[in-house]
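Written out below as structure tokens is the structure these notes cover.
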């Protein structure tokens, strides 16, 4: 009977689909009320559950004449990253099928990425890269924490594997790249490490590249990996919390490589987009979020989507436990709790965090920033505040003018001043900006 399920699936699915996703799919165990299938790849397990669940259920019903629950398990012995005995690198690329990599989140797809006008062009470029890998190369995406960079990066990986199943797609964090390099040195497998990253990947996607700031040895290895992949026409996609010019502590030659292709910013979602995202997050948890609650969340929570999702999850859990309707009262209660612990709720004013960080780094108080002093250090602090508010937090010129008490023309001039300093490689400005951003990132992570 178990063979019958496999036969039914083969008939229902296109040959290409079967070859791409079902070659390791098999029946492991059958009980009176449940069937357990096994696959040889963790990503395939998640992919089959999310994309082919209904097909599998129908095949079970056809084979057994009734509906049965099923489970897909991943069964394989977990290899060591580097095997000391044979010095053979056992990285995350699947050799039997040119799929992948490290784990991808099955929810991080283009279909689940809510697109607003602020990121429409970025979305379309990402789709085009998925359709035609190598067209925009490299592709560098930057933006503040929690805006969906990882989602977008993994969506590109998912789509390339869907449209180009023959391609080997490697998604990693920069920390993973560093750890793999360290292991290769430890176990004498540097050659295998380089073979893995430079020869076996058709698409390389690296998340959180800013992690490698100051890590010169790893940057050198990445530089040569980048060059070899680029020269071979392989697609490279990189994400960072800041634009390439602000990667202070990176080799100039590596920064210049990042700037060779398409560099785009992912912007904080506007209020209408946050409303749609809130509805989407709840829908993913099988909950229909009332419009007034979604609007309240969109009004109250800033662009950090991790915080927005956290509020929604807590809202759903508390509603379920207390048998309480999801409404404005419960939402306000949960927002108040988050308000005590995070700066991502608008009532806590992100500009206060930036100004307090500038005070710690530059020794200039918020009062001095908002004042009229023309002392060089105060003017620079004021300009850095305006630049960060605009480029990293998506504030409008009008909003920045209101926060700082300065005229629109002053705000525009200040932002352009910092932009030009960064582009021209002004060491003082780049170092101060990097220190402020790093301090803020550390504070956010600690919170």
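Glycine too: its Cβ is placed from the backbone N, Cα and C atoms.
Values in this document were obtained by computation on a predicted structure and should not be read as measured data.
Noted in Swiss-Prot for the protein shown:
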type: BINDING; residues: 146, 148, 149, 150; note: ATP binding site
type: REGION; residues: 66-102; note: region 'Domain II'
type: REGION; residues: 103-319; note: region 'Domain III, AAA+ region'
type: REGION; residues: 320-447; note: region 'Domain IV, binds dsDNA'
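On the structure: features taken from Swiss-Prot.
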residue : record           : Cβ contacts under 8 Å, 6 or more apart
148     : ATP binding site : 113, 266, 305
149     : ATP binding site : 141, 142, 143, 207, 239, 241, 266
150     : ATP binding site : 108, 207, 239
Secondary structure tally of the region 'Domain IV, binds dsDNA' (320-447) (DSSP, helix then strand then coil): 96 helix, 1 strand, 31 coil
Reported mean pLDDT - the region 'Domain IV, binds dsDNA' (320-447): 82
Where residue 150 (ATP binding site) falls in three-state DSSP terms: helix
